[in-house]
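One structure is given below, encoded as structure tokens.
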Amino acid sequence: MNALTASDVSVNSDPKVSGKPEINRGKPEINSPPKIKSGPALHLDQLSLSFGDNMLFNPVSMTLTAGQLHMLTGANGAGKSSLLKCLAGLMPHQGEICWLWPENSSDQVDKVAYIPQLEAFDATLPITVEDYLLASIQPRIFFRKPPVKEQQRLEQLLSRVGLEQKRNRKIGQLSGGERQRLLFARALAQDATLWFLDEPMNGLDQEAQGQILQLILQLKAQGCTLVMVHHDIEFVTAHADQEVRICDGNIMVVTPAPVDDGLVVPLGVAQI
Amino acid sequence: MIMQQWLASGVEQGWLPEIFQYPFVTYALIAAVMVGPLLGALGTLVVVKRLAFFSEAVGHGALTGVAVGILLGEPATQPIAALFGFCLSFALILHWVKSRTQVPYDALVGVFLAFAIALGAALLLYVAKVVNVHILENVLFGSILTVTPNDLILLGLISLVSWVMIWRYGNQALMSALQPELARVQGAGGRRARVTLLDYGFVLLIALITVAAVKIIGAVLVGALLLIPATTARLISHNLRGFFIRTLLISTGSCVAGVVLPMALEIPIPSGAAIVLLASSLFLVVVLLRQLGWLQTQANG
């Protein structure tokens, strides 16, 4: 896994197939809302994953454009979550993955979030929502009242994810939706601009799903790069900028379109 | 010295029991006051990271460390270098193997624990030819009679290093324990080494604290005191601050009472045993009170 800046590599410039990394250098585009921050593009070079002789997916080269919502789809067991973990650097793999950050800053590598499927916390741990977020904000252990600046930051985060009323609840006693929102708040606390989301709405009710969707759309509007595993095709069609489908061990880019069958573009043309 | 004089004057004036006139009691108390909070602070992380069994295994590995130290010619009452070296190597190897195998962690720790005890038991026969084996009891289960001013200096240094590490990296360790995958992904891109270092730093702390507490609590019982106060405090705390403070209070209280009570009541038991017995008793009392509903309100905030 490499974390490079956009200037470190050159990419196939045919926008029809490659989706050249859209690097936001702070200049707002005409007729589009200014973006507050921008996530990186992800470049995959001959990425593949195998367990022994069993190849989960074949080598693929492609670029996931910066500042967009990319959805990974496929049948159960196709390897969606494994691909996501590879992209996040959580799983050993073959080939190269580059995160192409828009700005040349070493701090960017910390701005990465990974939201797993519904995660359980130990219900008896005496750690409240407020403790959890303060520990994310504060670099060091302090057991006094946080300074005004950090308190304000905490309030902002709680308000952003709608957990103000749950601030004193133990994290293990939160409902599924609240827990996911807490994980979002933690990543927001670190100003994440690259988000890996592994079916974050799984097991949530309609209301909780709506709240998570709102957060995702806000992040997208801000220019964050989001890579998300999802199984609901309607949802993918409605919200994805790009769908990456895993089918029989092959990874394909599917251009989402408001019809049932999107345009399937075979990969192998977007290599460095 | 100042504390010793103050305690002696307290004895002369009659408001302190006679036991405080002895310097070794003063040294033991100072050691208890330093070790208690340190074990408490680290204990909160041990419980959150679910490393209780790990710290227990490192403590038990001390038996082998002590035996190796004596065989290599270290003083029988103070085989510090071998003890630290063995505990650290033991913990590092265990942690390294853990990160490279699919074996469940509890099973892996169990194997290492059994190996360490068996090796220690095998070496004891050779140790018995060099020193009286009963001397080992002081190292394994603690004895306030053996604390010297030099021990206090070593303890002070270890405490300083440990507190700096806990203050500087405690939050990161906590968050990494709660969500290891997020910590790893944030450590990607050249900074993953920092996350790994954090893990190994924690292992180093466990080894350091085992050495720090060897005189008062004994190497074998250190693991218990890393676990029991935090487990007790967890039952009666609603937030992190309360959890931390209560753990420190229970740990320090157990250490001080475990040093003083056997002396005051003239009960000839090792200080480590007394400390752990007190901490365990408090845990049982808290469990009982919670069962009776007396602590329910407090626990629920």
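Each Cβ is built from the backbone N, Cα and C atoms, and glycine gets one as well.
Feature annotations, reproduced from TrEMBL:
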type: TRANSMEM; residues: B:24-47; note: transmembrane segment
type: TRANSMEM; residues: B:53-73; note: transmembrane segment
type: TRANSMEM; residues: B:80-97; note: transmembrane segment
type: TRANSMEM; residues: B:103-127; note: transmembrane segment
type: TRANSMEM; residues: B:139-166; note: transmembrane segment
type: TRANSMEM; residues: B:202-231; note: transmembrane segment
type: TRANSMEM; residues: B:243-265; note: transmembrane segment
type: TRANSMEM; residues: B:271-289; note: transmembrane segment
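For the transmembrane segment (B:80-97), the residues of the chain that approach it from at least six positions outside its boundaries are 54, 57-59, 61-62, 64-66, 68-70, 72, 74, 108-109, 112, 116, 139, 154, 199-200, 203-204, 206-208, 210-211, 214, 219, judged by C-beta separation under 8 angstroms. Using a Cβ-Cβ cut-off under 8 Å and counting only residues 6 or more beyond its ends in the same chain, the transmembrane segment (B:202-231) has close neighbours at 28, 31-32, 34-35, 38-40, 42-47, 49, 51-52, 54-60, 62-63, 65-66, 80, 83-84, 87-88, 90-92, 95, 138-144, 146-147, 151, 154-155, 158-159, 161-162, 165-166, 173, 243, 247-248, 250-251, 254-255, 259, 270-273, 275-276, 279-280, 283.
Only residues 6 or more beyond the boundaries of the transmembrane segment (B:271-289), in the same chain, are considered here, and those with a CB under 8 A from a CB of the stretch are 28, 32, 141-144, 216-218, 220-221, 224-225, 228-229, 231-232, 235-236, 250-251, 254-255, 257-259, 261-262, 295. Taking every listed stretch (B:24-47, B:53-73, B:139-166) in turn, the largest tally of C-beta pairs under 8 A with the transmembrane segment (B:103-127) is reached by B:53-73. Among the stretches B:24-47, B:53-73, B:139-166, the one making the largest number of Cβ pairs under 8 Å with the transmembrane segment (B:243-265) is B:24-47.
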